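Engineer: Dumping what Swiss-Prot says about this protein:
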- C71-C109: disulfide bond (DISULFID)
- C87-C102: disulfide bond (DISULFID)
- N74: N-linked glycosylation site (CARBOHYD)
- N93: N-linked glycosylation site (CARBOHYD)
- S1: O-palmitoleoyl serine (LIPID)
Amino acid sequence: SGSCTTQTCWLQLPEFREVGNYLKEKYHRALKVDLLRGAGNSAASRGAIAETFSSISRKELVHLEDSPDYCLENRTLGLPGTEGRECLKKGKNLSKWEKRSCKRLCGECGLAVEERKAEMVSSCNCKF
């Protein structure tokens, strides 16, 4: 009698956090490529573009324009900036990520955290 074995191959993605960290690293090391605007579609300009990209590894992330400064308000792009934004620092059931939101929103943009306390008066519809 004979025996059979079955082999199956598949690709599996790594953990989502690992993919995110990899992409974040690529983003921070991305190469800016300057292409001449209005250079046309001539053979010479196509050759220059091909030469520019041939010197860049296929594994590198490239961009044509700088990313906006997310710390600053930019109404055109709909970015609120970080100045004056509320952050969660204390409270029950907050994750580590949420507790560090003040540091991310303010600290990484060179701003200080301003703590404000407010007294709220409201009707509780109490019956005695």
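Cβ atoms are placed via backbone N, Cα and C, with glycine included.
Locate each feature and note its surroundings.
Structural biologist: In this structure, C71 (disulfide bond) belongs to neither helix nor strand by DSSP; it is coil. Sequence-distant contacts of C71 (disulfide bond), defined by Cβ-Cβ distance under 8 angstroms and a gap of at least six in the same chain, are G81, T82, E83, E108, C109, G110, L111.
The Cβ of C87 (disulfide bond) lies under 8 Å from the Cβ of S101, C102, R104, L105, C106, V113, each on the same chain and at least six residues away in sequence.
The local packing around N93 (N-linked glycosylation site), expressed as other Cβ atoms within 10 Å of its Cβ over all shown chains, amounts to 5.
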Engineer: Counting Cβ atoms within 10 Å across all protein chains shown, which of the disulfide-bonded residues C102, C109 comes out on top?
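Structural biologist: Within the set of disulfide-bonded residues, the most crowded position is C102.
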Engineer: When DSSP is mapped onto helix/strand/coil, what comes out for N93 (N-linked glycosylation site)?
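Structural biologist: SS state of N93 (N-linked glycosylation site) = coil.
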Engineer: Which number gives the other C-beta atoms within 10 angstroms of the C-beta of N74 (N-linked glycosylation site), all protein chains shown included?
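Structural biologist: I count 12 other Cβ atoms within 10 Å of it.
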